[in-house]
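Here's the structure we're looking at; comments come further down.
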Amino acid sequence: MFRYLVFLLIVGAVSCQRRKAVYKPCGGSGKLISVEVEPCDSDPCVFKKGTDVKVHVTMVADQDSDTATLDARVKVFGFQMPVPGIETDLCKGTVECPVIKGRKYSVTAIFPVPSLMSLKTEVTFKVIGDKGLSVCGQSDIVIE
């Protein structure tokens, strides 16, 4: 009984750290099914400087493509800046390429939270294939 209770407490603690992100679509004709972020326990998600964030995306591809590129940007002082330290080539171990139109893909990416000033801002994630933009999502975040 005690082991079962400990197991439930651990599962509960871990699951509280992963949350479906509130996002708005921003283009592309692919289907963005879900975006989950960890660690995140609020809306908007609050990230600590110098830590890593894991983003889980489920999407349906709208095009056949030999490539899949991630373009992640964060708004700083009104300018869209690339998120530093991320792998932009999703075919390098994240997505099985070539991408096939109509197939569902689950992508997990790890992003370092830069040690910038504290701010509330917007992050934009785009997945781009050979024929252009496939999916795009925007979400508010807080960096502390």
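Just so it is clear, glycine is given a Cβ too, placed from its N, Cα and C backbone atoms.
Candidates considered were Cys26, Cys40. The record in Swiss-Prot pairs Cys45 in a disulfide bond with Cys40. For Cys136, the partner cysteine in a disulfide bond according to Swiss-Prot, taken from Cys16, Cys26, is Cys26. Listed in sequence order, Thr67, Ala68, Cys97 are the same-chain residues six or more apart from Cys91 (disulfide bond) with CB atoms under 8 A from its CB.
Cα of Cys136 (disulfide bond) to Cα of Cys45 (disulfide bond): a span of 18 Å. Cα spacing between Cys40 (disulfide bond) and Cys26 (disulfide bond): 22 Å, rounded to the nearest whole number.
Sequence-distant neighbours of Cys45 (disulfide bond) (same chain, 6+ residues apart, CB-CB distance under 8 A): Arg19, Ala21, Val37, Val53, Ser139, Ile141, Val142.
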